[in-house]
Amino acid sequence: GGGAYGAAKAGGAFDLVRFVQQPQVLSRIVSAVFALIVFACLVGDGYTSRAEDPRLFCIFNRNEDACRYGIGIGVLAFLACIFFFMVDVYFPQISNTTDRKYLVLADLGFSGLWTFLWFIGFCFLTNQWSWTQAEDVYIGADSARAAITFSFFSIFSWGLLLTFAY
């Protein structure tokens, strides 16, 4: 065996090509891209205004919470992907099994939580989009649909990360 959490394999040289080919690394990169797309769409075109009223409002049924939720989980998911990507880089160098255990459990817990939060986000954004009035949407419809679509894809990418952590 590989010891507890692979600790017997700790050490050795870093091989970038082999590292990037690992399925959990590819899934983490995909999850980061999906999160980036979701929050970029909401920040870029998620808020609009009318010609007679210059105040901005959220394109999702004028519900500010919908935009805030999508942006919040998107930004935190992106930052978490960067953090866990760095953990993936340094993980083979960690020989302490306790540290490895806590990192794996943190990845498992965070991936599980974010799979659930992306599911809630998809449902919330889809529901609010279905109640959005056509006259409130000028140019942000494609970005709103993209945010909904990639929040749906994120459920599966984070579920895959959950499976790899398990």
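Glycine is treated like the rest: Cβ placed from N, Cα and C.
Given the structure is predicted, the values throughout are model-derived calculations rather than measurements.
For 19-166, the entry in TrEMBL reads domain 'MARVEL'. Taken from TrEMBL, the feature transmembrane segment applies to 25-48, 69-91, 103-125, 146-165.
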For the transmembrane segment (69-91), distant same-chain residues with Cβ under 8 A (at least six beyond the ends):
14, 19, 22, 24-25, 28-29, 31-32, 34-36, 38-40, 42-43, 46, 100, 103, 107, 110, 114, 117-118, 121, 124-125, 147, 151, 154, 158
Mind checking which residues reach the transmembrane segment (103-125)? Cβ under 8 Å, same chain, six or more beyond either end.
5, 38, 60, 66, 69-70, 73, 76-77, 80, 84, 87, 91, 94, 144, 147-148, 151-152, 154-155, 158-159, 161-162, 165-166
